[in-house]
């Protein structure tokens, strides 16, 4: 006979543990708050690098020269009437240093090189300020670099430079030696062009602190107050709607206590993920919301499988108590639950280790949610059903009604 694990012995301790963890998350909401991304909070999010200028290029010809810095080369695309179109490509394999690139690019008509202070740096380490239009003109267009010999710039240094802003958050991105930072500044939406003005004020404050040519904007994103509030409302409605549909489905297919147990388990998983997000200060974005909805789907899938087995065992073993049926059903499905979760986690771990940015955070949220989903199916949904079953007249049993024998019409008189 298959060994039955006595999960019910840990129902109360695990419920208490979950309550403590969720309570810590609620405390964290007031102590640390949620690290809202620009999707849900009005304001500016910029990624900048405090990096000196290696050199600058200018162009005073009649045509238009576009600059593109890719993973494998630096390209100059010359367009305009009368001169035709031409692309000058400088692969890093052929031009490994800034000096070799500058020597070659100086041969492009009407292009001039200014202030070459770092000619020996690798060409593939060069980057440009994305806030600038990537087009050469008489105004110098700078190329920036970072080397390991430079003095480290900390997030505190950047915060000090932005002390004049009321609400600002600064986080180091990647290796501190890269001098890359994510900066978020809140905005009340009172100005129609607040995105432009905030970005300009931010860049000027950094240039005043670190130098006029020492700041490069890598990316910039702005969300207005009205948009962020609308998105937050839509997200809340979406989650509430998903919970309602799941409750109705489980109530139709099973019973009200099963349905409520399933919804409580899902709410538990969402609260555990929010607790993790609060204390880890992982940015809450639309990608994080997608992870929560994904976990809701995985969690209800596991729960429905367990409930199906419980209903079957209640009919097969009418002499068992509800607690015994719960233990038997959990034991029957444990192997299936673990295999399904582990195989899913293999793919999620691949995303976690081999991606970055929003997908990396999405994978991390899924890892926490998948673990919580297995736990809540076993110890939260089942514990609730076991608790409610104590107050039912039938003690939670579902028995097939006995059918009365039908008299045989051809029987003897």
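Yeah, the Cβs are placed from backbone N, Cα and C, and that goes for glycine too.
In TrEMBL, annotation is done automatically, which means it is predicted and not curated.
Fair warning: this is a prediction, and the values are worked out from it, not measured in the lab.
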Transmembrane segment according to TrEMBL, located in which of 12-31, 32-51: 12-31
Annotated range (TrEMBL: transmembrane segment) out of 288-307, 308-327: 288-307
Of the residue ranges 194-221, 362-389, the one that TrEMBL records as transmembrane segment: 362-389
Contact call for the transmembrane segment (12-31) and the transmembrane segment (362-389): at least 3 Cβ pairs under 8 Å, seq gap 6+: yes
Residues from the same chain, set at least six apart from the ends of the transmembrane segment (337-356), whose C-beta lies under 8 A from its own: 298, 302, 305-306, 362-364, 366-367, 370-371, 373-374, 377-378
Interface-richest range of 231-251, 258-282, 362-389 toward the transmembrane segment (288-307), CB pairs under 8 Å: 362-389
